[in-house]
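> Encoded as structure tokens, here's the structure I'll be asking about.
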Amino acid sequence: MKTSVMFMLVFVISLMCSSEAQEVARTYCGRHLADTLADLCFGVEKRSGAQYAPYFWTRQYLGSRGKRGVVDECCFRPCTLDVLLSYCG
């Protein structure tokens, strides 16, 4: 009995750890998207104008993502918090 309890305890702990390690992709739309971005981006230092690359360079390096916005990536399909954080700053 002691072995089965120990096995169950190890199983539950490993299950909890693995679920916390995986980031769940969710959809964020409308007010929920705006509030989530505000919460995530609060305190993220914004870049000054000198740190921005010229327009023709940014279009070249952005590729297809340059044509999509946060709504395309996180409202029309699920996204992770890491994707939302990429829009901060």
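Glycine is no exception: its Cβ is also placed from the backbone N, Cα and C atoms.
Sharing the features that Swiss-Prot gives for it:
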- 1-19: signal peptide (SIGNAL)
- Cys74-Cys79: disulfide bond (DISULFID)
> Where's the emptiest Cβ shell within 10 Å among the disulfide-bonded residues Cys74, Cys79?
Cys79
> Per DSSP, to which secondary structure element type does Cys79 (disulfide bond) belong, with helix, strand and coil as the options?
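Looking at the DSSP assignment, Cys79 (disulfide bond) belongs to a strand.
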